[in-house]
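Listed in Swiss-Prot:
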ACT_SITE  Asp54  active site
ACT_SITE  Glu126  active site
BINDING   Glu50, Asp123, Glu126  Mg(2+) binding site
DOMAIN    12-137  domain 'RNase III'
DOMAIN    162-231  domain 'DRBM'
Amino acid sequence: MSKAQTLSAADRAKLEGLIGHDFAEKERLDRALTHASARTEKGGNYERLEFLGDRVLGLCIAELLFRTFGTAGEGELSVRLNQLVSAETCAAVADELNLHLYIRTGADVKKLTGKRMMNVRADVVESLIAAIYLDGGLEVARRFILRYWQGRAVRADGAKRDAKTELQEWSHAKFGVTPIYRVDERSGPDHDPRFKVTVEVAGIKPETGVERSKRAAEQVAATKMLEREGIWQQSPAGN
């Protein structure tokens, strides 16, 4: 495996323009884009940054929702928050930034496709947020987050009801039963776990969801079942 190359000056300038921040410490940006599989001269990768970025993103999105939806209850705010900090949303932001052109990985990771590669793109976005926060402070990080999340926060599908609640009401009405959730698998490191959860409703095919928390994975599984059964309109690909 060859050593990963640092960003060229031209690529760094282009990416900083998309981010809206010129890094005082350029190494922070390089590290935020470096997967653990990549061999670099200094040996750094984005794992620790990802841990911090997840928290910064959650704080800024929670504040955005609190200020934007003044009459929403805790349940609705939680649903919106889970949608906006999900791997799918973070990966969509990564695609908007064309981060796949800049992520440094080993050869084995370059072969990943689908959900696993989506998770890599999502992780890099969180790492990037941490790098911005460390380099420019909370206000700069908040400005970046608002730039790419504010529009998503007010989309119509953000008001969708809690999937688990909706599925429970539907399954009670149709089958007289309560959905059953079980954790099938927990994988990944402690700082970035993945939970695979299956939801079962007696009489129909089960569905599974994979996310960074048990609760979020349950929501994904419930959403998939609601969409499959025609209760909810299926989200367009890429959203």
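Any Cβ shown, glycine's included, is placed from N, Cα and C.
Each residue in Tyr46, Glu47, Leu49, Phe51, Gly53, Asp54, Cys90, Ala122, Val124, Val125, Ser127, Ala130, Asp192 lies on the same chain as Glu50, Asp123, Glu126 and has a C-beta within 8 Å of the C-beta centroid of that Mg(2+) site, without being one of the site residues. Across the fold, the C-alpha of Glu50 (Mg(2+) binding site) and the C-alpha of Glu126 (active site) stand 5 Å from each other. All protein chains included, Asp54 (active site) registers 22 other Cβ atoms within 10 Å of its own Cβ.
The two recorded residues, Asp123 (Mg(2+) binding site) and Asp54 (active site), have Cα atoms 9 Å apart. If you take the Cα of Glu126 (active site) and the Cα of Asp54 (active site), they are about 5 angstrom apart, rounded to a whole number.
Of the listed recorded positions, namely Glu50, Asp123, Glu126, the sparsest Cβ surroundings within 10 Å are found at Glu50.
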